[in-house]
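Here's what TrEMBL has on this protein:
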- B:1-210: domain 'Heme-copper oxidase subunit III family profile' (DOMAIN)
- B:21-42: transmembrane segment (TRANSMEM)
- B:62-82: transmembrane segment (TRANSMEM)
- B:94-113: transmembrane segment (TRANSMEM)
- B:145-168: transmembrane segment (TRANSMEM)
- B:189-209: transmembrane segment (TRANSMEM)
């Protein structure tokens, strides 16, 4: 089988063959498609590292006494989980893999604007990753992924500096990736590809890139200050020197709230692509979709204070942040309504990518609506630092971003590799993921509502049943995450050849061969119509 | 075919547009880097007006003002360099860039002199801080921020000097002409960033509260 495929021409004429076969040809490649695969391999590795930490936590929490690990080890485990999952998986996930692969293809360019910078970003990512691994091997860090002062600066005796340097470095990778996308989208669109003809995935990446570029420097500088404070006793966040620990929270959340949008905006872009293809409909309200993406990115910069309702900020600030947080729900709701309206009268095909996309809508809605609970100051005072918050952001980040990421990987897998995978297995994994996810995290809403605080390895016995339920869900979830590894591996070894457009999807990336040639297009495409022209074509036919 | 055109671009204008937009985007991120520090400075100054005013009085206004003049002059000369290359005068363009870099070095030397003086006066937190009195603690926060902000700025000046020397060498070798001078223009943009950051640092740190 393999030999037949190797001899057939699509692979011979693709980026997988043309750039060379040595390890060196991959590690020094400036081809955006190869760099996307480098990212895909490395973020998958980090995803499973973070997942092991999560599994250990769920295992500890089966027992109300939490005897599996000490409180300190537990702290280090959830910190590692948070740091790895946020900065080494979620933030680079869709932009650095699917974005890297698809942005030039979708706008009709031969590569990103700065190919060497793109490769450099991956190396920065790896260096940051090495620091994080080193931190883990030397004993870990126990501050939580938020590095709150004064604990991180004065009291923690774990390896805060190593962790902070790791995140600092990976931050630059994120900034440079965002910069590259922005310049590419602005200057390298194919003839006829004007702004309102761009697929929504590109709009999602564009909005994300703005946030990456403008928020990440704030994080980098803030972490730099933490490092200086630990090393030299600079007293900006240190209350004993007259500094202000809450100032750290302001700076941190000025980045880290928009960071949530770095994770969800590209996911929204992916889902828009999947829904249109799966329902064979033009997206409902295209311009509303583009402006709601930008609106979320913009308003996202103004809501950071809702993480600090109980941190001693002024009541009036809390009220303003609360109102702004409600406002950000408006463009998010527009998106959900428009996806649902797109499905209306569509010819829906429940293939695996579509199942992931539909799962995304459901989970994102639950996560988003509970976000409104938390945006209400009076409720948040009760719910903050409980499992309600944990469940809320996992619904957005795992239920939302990870579902969309996997949906996207399934959708574009034939384009990336030129092979088909087992549709049955993929559908099963998608359904299992939806069930496992809800089983894991819905009980956590209830636990939080009942008052179980987050970040403890012990809990009173009345929370036992729901915690066990959550841990059982985690097992189901783990199986559904492992399944794609197997059927994708089998697809690479013996999958049928995909052809250029197995989904009959619209979009420039489907016009070139699968896998695409090194410079993407034999001839620069000329665009004559808007995206998602499914409806029209079928009506004409 | 243009020798400077990378293969993934269609034509030189597209390449130039990408390079310039990339630099502007980079400048936007730099503004946020310094923005955090200036925001921290403003917040702390608002909390400790007396200590920060005291801190300002301990800075060297004369040296600070000379540094400002040096940096602004260098920015002006860099702009002249850009104009010269547009007029195809490679030699004078090269000279202008070298002078710009030299003024950058002068800035760093002057700033180094300030740091040495401050060391002798015992104004460096945790290294040598010999101040007493009611506002000594909040003045220490002032000097922490002073060193972080001016240190980061000086690092940018240093990077700028290296960058300018590379560009000057390339100009001397005749890499640039009125048809292609994008790297020179980008280096100039970077140097303007260094200038503009200082325009906020100088009044904020040296001037505010100095005469009170």
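Cβ from N, Cα, C; glycine included.
If you look at the transmembrane segment (B:145-168), the same-chain residues 6 or more away from its ends with a CB under 8 A from one of its CBs are 30, 33-34, 37-38, 40-41, 44, 55, 59, 78, 94, 97-98, 100-101, 104-105, 107-108, 111, 124-125, 183-184, 187, 190-191, 193-194, 197-198, 201, 205. Through the fold, the transmembrane segment (B:94-113) approaches residues 63, 66-67, 70-71, 73-75, 77-78, 80-81, 84, 150, 154, 157-158, 160-161, 164-165, 167-168, 171-172, 184, 187, 191, 194 of its own chain, all at least 6 residues removed from its boundaries and within a Cβ separation under 8 Å. If you take every residue in the domain 'Heme-copper oxidase subunit III family profile' (B:1-210) and average the pLDDT, you get 92.
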